[in-house]
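Notes to accompany the following structure.
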Amino acid sequence: MENKIIYFLCTGNSCRSQMAEGWAKQYLGDEWKVYSAGIEAHGLNPNAVKAMKEVGIDISNQTSDIIDSDILNNADLVVTLCGDAADKCPMTPPHVKREHWGFDDPARAQGTEEEKWAFFQRVRDEIGNRLKEFAETGK
């Protein structure tokens, strides 16, 4: 049986979609091929790498990519993680299921370094919890 494809999209493919890709690889096992991309490619955010490392998931070798139409059109599930991606995501064929799981953008966090770091940790955990729920329930 061929693996299902899940494709996470956000604006810059630097934080949220990268963390979602890392969590999905952890939780979805061999059943899914996991990809992430952005409307633009902003590069991997060092704090996203650090936040995931803190929970034992290494995303440092993931790349920041723009949306690949081949992956998009062959995906079983496309998940947008921010309103910008939901609005600007290219049209998908009818057989591709699309869902929106909105999360705050940790790259836009304000305040002290500690406050910004806490923001990254919170969003990381929210994405992780959502992926765990999806892995357990399929929803």
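Numbering starts at 1 and runs along the chain as displayed.
For all residues, glycine too, the Cβ spot is worked out from N, Cα and C.
The active site, nucleophile annotation in Swiss-Prot covers CYS10, CYS82, CYS89. Annotated disulfide bond per Swiss-Prot: CYS10-CYS82, CYS82-CYS89, in sequence order.
In the shown protein chains, 23 other C-beta atoms lie within 10 A of the C-beta of CYS82 (disulfide bond). Long-range C-beta contacts of CYS89 (disulfide bond), restricted to its own chain and to partners at least six residues apart, with a cutoff below 8 Å, comprise LEU9, ILE39, ILE67, VAL78, THR80, ARG98. Put simply, CYS10 (active site, nucleophile) is 6 Å from CYS82 (disulfide bond) when counted between their Cα atoms. CYS89 (disulfide bond) falls within neither a helix nor a strand when secondary structure is assigned with DSSP, and so counts as coil. In the three-state DSSP classification, CYS82 (disulfide bond) falls within coil. Around CYS10 (active site, nucleophile), the C-beta neighbours below 8 angstroms that are at least 6 residues distant in the chain are ARG16, SER17, SER36, GLY38, ILE39, THR80, LEU81, CYS82, ASP84, ALA85, ASP105.
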